[in-house]
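I have placed the structure first, in the form of structure tokens, so that the comments after it can refer back to it.
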Amino acid sequence: MTRKRVAVLISGRGSNMAALIAAAKAPDYPAEIALVLSNVPGAGGLAIAESEGIATATIDSKAFPRDREGFERAMQAVLEAQRIDIVCLAGFMRILTPWFVGRWEGRMINIHPALLPAYKGLDTHARALADGAREHGATVHFVTPEMDEGEIILQEAVPVLPGDTAETLGARVLAVEHRIYPAALRMIATEYRLI
Ligand code: GRF
């Protein structure tokens, strides 16, 4: 079995990244986490990746003011140097241009903390609570140029419980995220064929 080489792109604490790293330790997992790339220097997830012996890279998006594509070209160079097959966005807080998304069409996925197509964008837990939603959840989807719009790979619902706050609901959703992201990566790493 040739394992697909995966880059996880992060901006923060990296708990989904850690879940992917843990899952990829299984001998039959069809992907290896070859690189963790952060656009934020010192992002918490970088230290976790380093402690797991995984290659890391930081490309500070603030060093590319008003030059989104310059930032992405720098990322693309690192991804190509590392011979990456699949990109997983995991709390990566940058909007990507059609140029970069096009480079990774069908090979880049994202985890979103809501049951898409409901609650695209930010503050999903607070918005679900404000609406009186009865259920909420998480979605893994392919990345397309329109934010949170791509084809859904996996999603799972959780109940909204009486007395929930954005924090308690978010924690319930996060537990689901940590389960479905590795499962979705397993699916696409198995089915995806190098073009
Ligand atoms: C997760 O809730 C993810 O769904 C969203 O950003 C958060 C990242 O958390 N896109 P973490 O860095 O993976 O812990």
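Including glycine, each Cβ sits where the backbone N, Cα and C put it.
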Of the candidates ARG66, ARG68, ARG172, the one that TrEMBL places in the (6R)-10-formyltetrahydrofolate site of MET93, ARG94, ILE95, LEU96, ASN110:
ARG68
Looking only at the domain 'Formyl transferase N-terminal' (4-185), what is the mean pLDDT?
97
At the Cα level, what's the spacing in Å between LEU96 ((6R)-10-formyltetrahydrofolate binding site) and GLY14 (N(1)-(5-phospho-beta-D-ribosyl)glycinamide binding site), rounded?
19
Mapped DSSP class for HIS112 (active site, proton donor), helix or strand or coil
strand
Sequence-ordered binding-site residues from GLY14, SER15, ASN16, MET93 with Cβ under 6 Å of an atom of ligand 1
GLY14, SER15, ASN16
Can you give me the residues near the recorded N(1)-(5-phospho-beta-D-ribosyl)glycinamide site, meaning same chain, not GLY14, SER15, ASN16 themselves, Cβ no more than 8 Å from the center of the site's Cβ atoms?
ILE10, GLY12, ARG13, MET17, ALA18, ALA19, GLY45, ILE48, ALA90, GLY91, HIS178
Taking only the residues the record lists as binding (6R)-10-formyltetrahydrofolate, namely ARG68, MET93, ARG94, ILE95, LEU96, ASN110, what is the largest Cα to Cα distance between any two of them, in Å to the nearest whole number?
19
